[in-house]
Amino acid sequence: MTATVENLTFQKDTLGNAVDKNTSRLELRSYSLAGRHGSTEPLVLAWSSQFRRLTWGCALDALHRSPCVAASQHGVTHLIRSSRTPHSTRCRKEDAQPGHHGNGAASVTAQARGQRSVLQVPLPVPRSCLFSESFVVSVSSQSRFLASVPGTGVQRSTAADMAASTAAGKQRIPKVAKVKNKAPAEVQITAEQLLREAKERELELLPPPPQQKITDEEELNDYKLRKRKTFEDNIRKNRTVISNWIKYAQWEESLKEIQRARSIYERALDVDYRNITLWLKYAEMEMKNRQVNHARNIWDRAITTLPRVNQFWYKYTYMEEMLGNVAGARQVFERWMEWQPEEQAWHSYINFELRYKEVDRARTIYERFVLVHPDVKNWIKYARFEEKHAYFAHARKVYERAVEFFGDEHMDEHLYVAFAKFEENQKEFERVRVIYKYALDRISKQDAQELFKNYTIFEKKFGDRRGIEDIIVSKRRFQYEEEVKANPHNYDAWFDYLRLVESDAEAEAVREVYERAIANVPPIQEKRHWKRYIYLWINYALYEELEAKDPERTRQVYQASLELIPHKKFTFAKMWILYAQFEIRQKNLSLARRALGTSIGKCPKNKLFKVYIELELQLREFDRCRKLYEKFLEFGPENCTSWIKFAELETILGDIDRARAIYELAISQPRLDMPEVLWKSYIDFEIEQEETERTRNLYRRLLQRTQHVKVWISFAQFELSSGKEGSLTKCRQIYEEANKTMRNCEEKEERLMLLESWRSFEEEFGTASDKERVDKLMPEKVKKRRKVQTDDGSDAGWEEYFDYIFPEDAANQPNLKLLAMAKLWKKQQQEKEDAEHHPDEDVDESES
């Protein structure tokens, strides 16, 4: 009985090179061990990533105790039990020797006796753990088990032993080990690593087929037949893949089979006649093989079928020109131009004519070109073409036609810049200025940047100072135009624009800008929106009066502005006053009075009354002044200034009683804006009239209304300044009365102010006893703390402040007495401490 293990086929590389060493997974595959007589036994193969080796074993009865294979460094070791060492194993002639590897396969025949020993055969390991290559293990045995072999010491075994051992082997099939550590490996495999290793080994690259040498015509025909069959099969699989057709035709062309290649191209055109590459390859084949007429026919068919493909036209005209057929090329160009192609096609036609010195034909083409593509750049190219060939008059006409063609609606600065540069080259500087100014007057500023730049450069080169200033003014004018167009209610921009125009332009141009500016009336009738706008009218009127010297137009401007202002909601006293002053300068006093009277009637304002009264005072019309003051006080009885001015007017006129009556009316008003000023003016008036009793009565009446410290001081100083007998006594009495009155006053600073004024009086006019008396009334300054609270009532800390404690108030407050006693006790304690320190000092002195 012999057991043979043979035909083990694997890939060349070892499995360990393709499997991640960190993978903890265990994959098992079971294969059948096929015997030569049809018997099968399971062959178990297992890949262990832990050892990076393939382990496999046979489930035969003789191997069930050690079914697995031990790991070796180079591959897998096949264990077969034997009674002797591996050196006692004999291999059959057709089998490979142990440890031998031959072209990716190993065939081993192992014969062993019944006694246990190990036969180790290193086998190559497949690259993939799933074994892309199959293998067969054949066992030759009549009794389906190992038999004894003479000279080997292997004992025979019976079939029953084999069956028992087989059953035991089937029960002991290795199980998949459970993975206990499921944590990820420290080093992870990446796709980059897999791709790099695959590229290094180049497993997917197949070796090139061997070169075939053709030695006779029969082999050549056979080769052609096979290639044509291959091409036809490819075409039959997918007819729409044009590359297959082109390869087929090029292969036929390489064999000089032009007719066949032409037939293939025609078949391909039937499939997809819109394919540009197909037409190009077809025509190129004909041209390479010098089939000119065929090429012409193909190009004709191509441009007829696909007239918008410029590449066909370019190659067709180029072929005709290379063949020297200039007329034919021109005819092709003409056919092309009928389709009105893109600009480059026209330029190609023009350059073609210029290569043959056909300037007139090129000019004709340009005439057609600028009509088909009417762009500014094309007109400029046409003009430069004429200039290049020294047709300057024609070039000027082209520019003029272009300016007329585009008109004012589609003006482009590049056209005028090119036109001006052309005239500059011709030394026509006046023409250049006219062109620039014409363009600047009609093109918006944002579209004329290049125009301004070139105009400035031109003036710097050929102009004078005035010309440069004109450019700057023009540039600023366009800037302001853009600003006011963007925002018509931007009155600051209008002011700047008008200032610029007034300094340079004529009167009509200035008036036009003013009319445009004042036409932008504020949309909201609120005075804050009209404040800047009304100055446009004022500047307009002043310009007409001072610059244009047109009084009648100035009057019209004033009247128009006054009619525009909504006087029921608000008015502008400045406008009325300026109008009245203008009429006075024109010696129209009646119109001035009428204007001021109208303003007072429509919207009485203090400023209007004051100006009108001042005017009448200058004219010495006092009756009119009285009437105006009366009217003024009817509209504003709370205005103390008006009352004072009215009384002063009567005082100047010598009507004292009338002035006193005006003051009495004034102080009797229930509401006044500045009553203290009015009372002071009334008192000063009585003092000037030397009415002491009236003045004293006024002070008493004023003190009934207010107990302000300044009133008391002023009253005392009045009594002192009267100069009569007993004035000092009356003054002192007033101070004493004021002091008594202000004891209950919360404002201690005012009371202190009164005492300081009283002390100054006593120092100047009083005796020593009077001074001492006032000094005793002076308060003591004390620093205190108080809690500070915010607006929401929360505490904000403490603050220090100075308070004044008056002796008169301290006598009535027991807590102040307690504070005084505490200060006295503290003083006594300090004196006592000082006395205790003096004896020590005496002892020190005696010792020294």
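In case you wondered, yes, glycine gets a Cβ from its N, Cα and C as well.
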* Run through Ser30, Ser263, Ser503 and tell me the one Swiss-Prot describes as phosphoserine. => Ser503
* Give residue numbers and ranges for long-range contacts of the repeat 'HAT 13' (654-688): same chain, 6 or more residues beyond its ends, CB-CB under 8 A. => 637-641, 643-644, 646-648, 694-695, 698-699, 702, 714, 718
* Mind checking which residues of the chain, 6+ beyond the ends of the repeat 'HAT 15' (726-767), have their Cβ under 8 Å from one of its Cβ atoms? => 707-709, 712-713, 715-717, 719-720, 773-775, 777-779, 803-804, 806, 808-809
* Roughly where does the repeat 'HAT 14' (690-721) sit in mean pLDDT, to the nearest integer? -> 80
* **Counts of helix, strand and coil residues, the repeat 'HAT 3' (290-322), according to DSSP** => 27 helix, 0 strand, 6 coil
